[in-house]
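Structure first, then comments.
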Amino acid sequence: MFTQYKFWEPYASPYDPCPPMTVKSYSTPPQLYINFQPPGLAQFEPRAALYHGTLWKELFSPYPGPNKRGDVDE
Amino acid sequence: MWYYEKKLEYPVKVTECNPRLAKFLIEQYGGADGELAAALRYLNQRYSIPDKVIGLLTDIGTEEFAHLEMIATMIYKLTKDATPEQMEEAGLGAHYASHDNALFYHNAAGAPWTATYIQAKGDPIADLYEDIAAEEKARATYQWIINLSDDPDLNDGLKYLREREVVHSLRFREAVEILKEEKDKKVIF
Amino acid sequence: MNKVLPSEYYKLLEEIQAVDFVLVELTLYLDTHPQDYDAIEQFNLFSKQSKELKVKFEKKFGPLMQYGRSYSNYPWDWDNTPWPWQV
């Protein structure tokens, strides 16, 4: 399933001074997967486009992402 | 030449008087990956890039000035009526001592804006890759500022600006494809 | 300058911002897709809509642009309404 966030597990040492964050995530927004936008992509209505920050639904990247793996991010 | 339009690109709202957030936001005003750097980077690169992508650099560069005005509006609203005591509590004491409540082109740590933030290598691919990287870095900066902010209205404007970086990044990627000129000749993948 | 702007100001402005945002997006898209006929048609349609909305807005709230891009009343009314960062 396509997701806009990826997760990884940093090594945690018993000597780390801060309580470890066992899972970290980073953003992988849609532009990374679209080499060249094809014509005719589905659009938001003008007002919704303004509030999404893009005219095209497929370019919308929500932030913040899901807190954990498997949460839906849209 | 340029014309100014007396409106913001996006309706900016701020809920709380919170100069602490202004201290972070100034990063996108006068910082390395901020909107001033972006506007000046793209508009300056126009003069030595192939004609096919000059329009894009002009238009994205112009939009960056609209974003600069949005950031200025956020900072203005967050600090407009802040007292010297509030400025000091927010970590803006040093800023206040030099600038009162005036905006200034510096980053969140107080380092003034410098032309070394922007590159113009003269090589179209190198310059466009720099632009893509700049958009991704600005996107990340917006993420970190959103993580630090608990003002829902302010975050709404910041999410808009983050999304614009996504779209700009895609357009610069397309500009690279256009200059590669192999788009219709060879299918990659 | 302490007159409070009516809610209509914000409503009309938001309409303009929405239409102009579509134009920003289509402009950048067309910069890399100059052959997309449908997008150009949509662009011209929204361009017309934007101009109409601005005529309506400027009649009530004064000029949006200067250097002659908007007409002026007497006296010069460029700074009659507050500036974008103030509203």
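Residue numbering: from 1, along the chain as shown.
Every residue, even glycine, has its Cβ placed from backbone N, Cα and C.
Within B:GLU5, B:GLU16, B:GLU27, B:GLU35, the residue that TrEMBL lists together with B:GLU64, B:HIS67, B:GLU135, B:HIS168 for binding Mn(2+) is B:GLU35. On a Cα basis, B:ASP59 (Ca(2+) binding site) lies 15 Å away from B:GLU135 (Mn(2+) binding site).
Here the binding-site residues are B:ASP59, B:HIS67, B:GLU135, and the ones sitting under 8 angstroms from chain C, going by CB atoms, are B:ASP59. Counted within 10 Å of its Cβ, the other Cβ atoms near B:ASP59 (Ca(2+) binding site) come to 18, all protein chains included. Among the binding-site residues B:GLU35, B:HIS67, B:HIS168, the residue whose Cα lies closest in space to that of B:ASP59 (Ca(2+) binding site) is B:HIS168.
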